[in-house]
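Shown next, in structure tokens, is the structure this report addresses.
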Amino acid sequence: MPDSQSPNGSLFSRGMMAVIVAQFLSAFGDNALLFATLALLKQQFYPEWSQPVLQMVFVCAYILLAPFVGQVADSFSKGRVMMVANGLKLLGAVVIVFGGNPFVGYTLVGVGAAAYSPAKYGILGEITTGDRLVKANGLMESSTIAAILIGSMAGGMLADWHVGAALGVCALAYAGAVGANLLIPKLGAARPGQSWRFGPMTRSFFTACRTLWHNDETRFSLVGTSMFWGAGVTLRFLLVLWVPVALGITDNATPTYLNAMVAVGIVAGAGAAAKLVTLERVSRCMPAGILIGIAVIFFSLQQAALPAYLLLLLIGFFGGFFVVPLNALLQERGKRSVGAGNAIAVQNLGENTAMLLMLGLYSLAVKLSLPVVGIGVGFGAIFALAIAGLWLWRRKQ
């Protein structure tokens, strides 16, 4: 790796660009691999119920490893942690490519993703500071969403042509991410010398949880980002049922296109937040959170494709504007109190727990045969009220 660099360097320094490129390739691989592996399961006649298990093992890896991955990120150079994590993803993809059990391979990818996340966000606070950190987060989120959009489409399209080729492209993407990690400046460990025994590590993690929860700013950020990502994954599944009911379209492509509009909107919103919101004025993002819920209500009531596409673009814009400043706030304040890696690990625990809870409630609503339009309206209203409540809570602190 190159020598260490000052955290006050340019936003477009070689180190920052290496982080962004590595993140794009890694996220591209994650999303392309999901759809390529789903195609493999169909090709090998796995039962349909097995498909969501892929996402479950991915999320569960984040939750189970949450007490440990933050310390790993803070105990070593974060660039090296990212490289090893992408190496685990590469290994998982290779297992699937060469005919191994796809669930074992995808579990390895999930473990790599869980280890990668605290390092990728924590390193931003080490190679840039202050308001540049908000802009760096904007670049990171834009890169991630672009990779999600392109990777998902590429995975599905390539799998339709040749499943093996699709899986091979995923492995190449991870290999490229490992290569990009080599260009990240070698930084010192943020918090070296911590105990590696199970008891102290778990106590350290839950101490970090308590520390962040008892701080007004980090608690505010944790709750806000967890609500956002929990709602985001729920909206993705809501679209699958909403499209045939509201638009009368029964193909598989339309929900994907609608999801793409959300992704494009998030990229634009993240860019706007980087320019308009600072850490000192982070509450400026809160109206956007409320508007997400209101826009979901209007979207759920649509019966034509064009306004649906436009509203989802708007929902994505509000989402990007809302979540980027909250991420930056947590990284900046968390770095000072518990270390950036531990802060992001705690954030991952909150976000993935919120995903499981919200999806569970959504599944219950579907099982109770509630109308999907009603579910969408209720979901949007509850989200808007929850963000409004969070904003009021923040103002009272």
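Just so you know, glycine gets a Cβ as well, placed from its N, Cα and C.
Remember, predicted model here, so these are calculated numbers, not experimental data.
Per Swiss-Prot, the features are:
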TRANSMEM  16-36  transmembrane segment
TRANSMEM  53-73  transmembrane segment
TRANSMEM  91-111  transmembrane segment
TRANSMEM  139-159  transmembrane segment
TRANSMEM  164-184  transmembrane segment
TRANSMEM  229-249  transmembrane segment
TRANSMEM  257-277  transmembrane segment
TRANSMEM  282-302  transmembrane segment
TRANSMEM  304-324  transmembrane segment
TRANSMEM  344-364  transmembrane segment
TRANSMEM  372-392  transmembrane segment
Contact yes or no, the transmembrane segment (164-184) and the transmembrane segment (344-364), 3+ Cβ pairs under 8 Å, gap 6+: no
Cβ pairs under 8 Å between the transmembrane segment (282-302) and the transmembrane segment (372-392), at least three: yes
Contact yes or no, the transmembrane segment (91-111) and the transmembrane segment (257-277), 3+ Cβ pairs under 8 Å, gap 6+: no
The transmembrane segment (53-73) and the transmembrane segment (372-392) contact flag, 3+ Cβ pairs under 8 angstroms: no
